[in-house]
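Everything below concerns the one structure shown next.
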Amino acid sequence: MARMFYDADANLENLKGKTIAVMGFGSQGHAQAQNLKESGLNVIVGLRKPFDEASEKEWNAVIAAGITPMSVAEAAEAADVIQILLPDEVQARVYNAEIKPYLKAGNALGFSHGFNIHFGQIVPPAFVDVFMVAPKSPGHLVRRMYVKGAGVPGLVAVQQDYSGKAKDLALAYACGIGCTRAGVIETSFQEETETDLFGEQCVLCGGVTELVKAGFETLVEAGYQPEIAYFECMHELKLIVDLMYEGGMSYMRYSISDTAEWGDYTKGPEIIGEEARYAMYEALQDIQDGSFAKGWLLENMVGRPRFNALKRQNREHLIEEVGAELRGMMPWLKETK
């Protein structure tokens, strides 16, 4: 069974007196930095110096949160603990140019995703600790739950333990952002990276979007109205996922009709059959042997031509046009944003 840690297992004193630099102020960065500050820790934020309206707005948002913004290099030089929350595809470049030159013996490097460490894009020196604290929710929820006095579950891992206290630091960090209120599971950089990518590709993002599109297209091509197809294959998905999120698959099945449950048992395995499972296995192999990471890094090196083409192609799909029209009839959706 997985090993779990809670508030009682963590000691914030392990971070007291240290300067924590959070690199980035995006989804996770803004949440983690503010939570750490409100936990009584000394936090700074590393960003690009303002050069346009967007970067100036981000810089000012850090100031408005009562935190000192600095350039990434300045923050790295001032910090004892450096939490890198930049996009995967830019982390290595920024690390090599603006963080690595300022590392000192006994510093700690933190991450919330293991991509760059696991795939060798960032190779830390032997004289630093390397740990991961990965909240299992978007940043806005990390922040919202902390403010409510609660927290979101997370993962914790140690890749390199120079000081002999890397795990204590990781647990203190998890406590500082509120994750140990809910509980954190011990893992490894390899396990977190490979399972996270697999979940995104085969289920949460790639799997779900292709399943929804395939269902929508099947109904439309069979002569049904696109609006009806949208409701059946896209809109109602949230209702089912919310039930599973709340109480698992059994609770979802308890909550639906017997007709729907029978169709679930008998037709689901036909749709997600051996061919789909084999494709999942192949996707996992591509992740494990580094093929996916290599392809994604190369795509970024050449300016993302395929990524941008696929993004444009999917934005122009009929389901997006129909969905935008139907969501315009649902004013309550705007109230939840």
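In case you wondered, yes, glycine gets a Cβ from its N, Cα and C as well.
Annotated NADP(+) binding in Swiss-Prot involves PHE25, GLY26, SER27, GLN28, ARG48, ASP88, GLU89, VAL90, GLN91 plus, out of the candidates GLY139, GLY149, GLY151, the residue GLY139.
Residue counts for the domain 'KARI C-terminal knotted' (188-333) under DSSP (helix as H, G, I; strand as E, B; rest coil) come to 124 helix, 0 strand, 22 coil. Between the CA atoms of GLU236 (Mg(2+) 2 binding site) and SER257 (substrate binding site) there is a gap of 14 Å. Largest Cα-to-Cα span within the NADP(+)-binding set PHE25, GLY26, SER27, GLN28, ARG48, ASP88, GLU89, VAL90, GLN91, GLY139: 20 Å. Of the listed recorded positions, namely ARG48, HIS113, the sparsest CB environment within 10 A is found at ARG48. Checked against HIS113 (active site), the binding-site residues PHE25, SER27, GLN91, ASP196, GLU200 differ in C-alpha distance, with ASP196 being the nearest. The two recorded residues SER257 (substrate binding site) and GLU232 (Mg(2+) 2 binding site) have their Cα atoms spaced 15 Å from each other.
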